[in-house]
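J.: The structure is given below, and queries will be raised subsequently.
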Amino acid sequence: MASGANSDTLLARDVTSSEIENPRQPLINGVTSSESYSATAAILPFLFPALGGLLYGYDIGATSGAKISLQSSSLSGTTWYNLSSLEIGLVVSGSLYGALIGSVLAFTIADFLGRRRELIISAVLYFVGALLTAMAPNFPVMVIGRFVFGTGIGLAMHAAPMYIAETSPTQIRGRLISLKEFFIVFGMLLGYISGSIYVDLIGGWRYMYATSAPICLIMGIGMWWLPPSPRWLLLCTIQGKGSLPHVREVAITCLCRLRGVAFSSSASEQVDLILDELSYVDQEKQAAFSEIFQGKCLKALIIGAGLVTGQPSVLYYAATILQSAGFSAASDATRVSILLGLLKLIMTGVAVLVVDRLGRRPLLIGGVSGIAISLFLLSSYYTLLKALPAVAVIALLLYVGCYQLSFGPIGWLMISEIFPLRLRGRGLSIAVLVNFASNALVTFAFSPLETLVGTGVLFAGFGVIAIASLLFIFFIVPETKGLTLEEIEAKIL
């Protein structure tokens with residue numbers, strides 16, 4: 001570890017790769033402390049918040065099967081199975097609209113409630129939404145259930161990465177936050193499997209949605225048992241919302257629970273270091289709304305919004321691409337969906353294993369480069385190579401694999417790390433809102449754009465967006481590997 005870095009280096013606004021090659025430089029008085037922790041103790045503080053991501057992924061996977069079951073005259077088990085395209089759109093996208101609502105709510109309540117209580121509320125909304133959807137006696141109640149479940153998604157995808165980032169040991173923070181993306185993909189796979197199991201049962205869609213209810217309960221009970229984020233507690237205290245001696249003792253107790261017995265001897269020292277670093281990076285004042293668009297938070301917002309909006313998606317077109325390669329039957333589509341889910345899971349696992357060793361930027365640059373190649377391959381297929389459907393399938397697999405190495409896990413990781421602590425709740429809520437809003441925009445705009453300019457030109461346009469994203473990552477996105485959250489704020493922003 002470095003021990004004599006001068007203040008000019010510590011406060012540098014732009015950090016070069018050589019400066020972060022040895023990233024654990026101390027912030028204050030040339031002193032830092034190593035973070036000891038128990039790997040066993042770190043599991044549950046990750047697992048219960050990550051279940052929020054698993055439920056999000058499960059909803060995506062299960063809805064693909066539920067849509068088929070719900071529209072079947074013989075299998076829906078309802079008298080209102082003859083749904084219009086608009087009504088089907090509400091079923092499929094209802095959770096997405098709810099997630100937009102949840103993201104807006106998170107902006108106003110996140111800093112007041114704290115990460116833990118926000119996740120508890122999210123689990124309750126997940127549970128109520130799942131039961132309303134599964135037991136819906138008519139279509140309007142089902143749509144309400146989808147919106148309620150989606151609101152839970154918005155809160156969970158906002159609070160989970162923050163809680164994991166603020167409670168994880170620095171050495172494995174990147175791995176754990178990226179592992180949340182692994183849980184999202186694993187949830188999708190479980191949803192696809194659930195769909196294949198229940199799709200031939202009468203009222204099978206009800207079972208698909210009801211299956212998530214026990215997971216919601218486990219998440220809620222687990223978050224109730226876990227302690228609040230010590231960093232959030234200390235932030236509230238230095239902003240005048242409690243007695244410092246009392247909250248300091250509570251934070252020490254929380255850290256010991258989060259890191260295990262091995263950490264108990266250094267918990268007090270670590271809490272004092274966090275307090276010093278929070279004071280050092282000027283966290284005493286409460287955040288005003290205008291500050292989100294100024295200084296450090298504006299830079300973080302540009303990075304975060306750039307990472308979540310620069311993701312051109314071909315997955316909305318995956319079914320058509322596979323049909324062109326001969327996978328047209330419903331059974332084929334189900335099996336291929338499961339195989340795609342397995343590929344996403346494997347590649348996300350690779351990212352999880354290497355993110356804290358290689359860093360964030362190499363995975364983003366390598367993955368987005370592959371995404372750009374896959375998009376131009378798809379454009380070539382639809383304009384020049386229609387006689388070679390294998391090109392489209394290879395391009396689709398390349399896209400899925402590269403996405404799960406880069407934007408999938410690393411995007412969520414970066415937006416949970418880069419916002420200043422006192423603005424993190426509101427800043428991250430805006431980034432999550434932008435993410436869901438851009439997804440909604442792509443969902444609505446894909447078909448009209450395809451009709452207007454043609455599929456080949458559309459994918460070429462997506463390829464240009466991918467190249468723009470690559471340039472943005474290369475010149476704007478910093479490396480955060482090995483830095484504490486306070487060091488990221490002081491040295492990079």
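Backbone N, Cα and C define each Cβ position, glycine as well.
Feature list, courtesy of TrEMBL:
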{"type": "DOMAIN", "residues": "45-481", "note": "domain 'Major facilitator superfamily (MFS) profile'"}
{"type": "TRANSMEM", "residues": "88-107", "note": "transmembrane segment"}
{"type": "TRANSMEM", "residues": "119-137", "note": "transmembrane segment"}
{"type": "TRANSMEM", "residues": "143-165", "note": "transmembrane segment"}
{"type": "TRANSMEM", "residues": "177-199", "note": "transmembrane segment"}
{"type": "TRANSMEM", "residues": "205-226", "note": "transmembrane segment"}
{"type": "TRANSMEM", "residues": "300-318", "note": "transmembrane segment"}
{"type": "TRANSMEM", "residues": "338-356", "note": "transmembrane segment"}
{"type": "TRANSMEM", "residues": "363-384", "note": "transmembrane segment"}
{"type": "TRANSMEM", "residues": "390-415", "note": "transmembrane segment"}
{"type": "TRANSMEM", "residues": "427-446", "note": "transmembrane segment"}
{"type": "TRANSMEM", "residues": "452-477", "note": "transmembrane segment"}
J.: Please work out which recorded stretch in 143-165, 205-226, 338-356 has the most C-beta pairs separated by under 8 angstroms from the transmembrane segment (427-446)?
T.: 143-165
J.: Report the mean pLDDT of the predicted model across the domain 'Major facilitator superfamily (MFS) profile' (45-481), rounded to a whole number.
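T.: Averaged over the domain 'Major facilitator superfamily (MFS) profile' (45-481), per-residue pLDDT gives 84.
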J.: Is the number of Cβ-Cβ pairs under 8 Å between the transmembrane segment (143-165) and the transmembrane segment (338-356) three or more, considering only pairs separated by 6 or more positions?
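T.: No, the transmembrane segment (143-165) does not contact the transmembrane segment (338-356).
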J.: Count the Cβ pairs between the transmembrane segment (119-137) and the transmembrane segment (205-226) that lie under 8 angstroms and are 6 or more residues apart in sequence, then report whether there are at least 3.
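T.: Answer yes: the transmembrane segment (119-137) meets the transmembrane segment (205-226) with 3 or more Cβ pairs below 8 Å.
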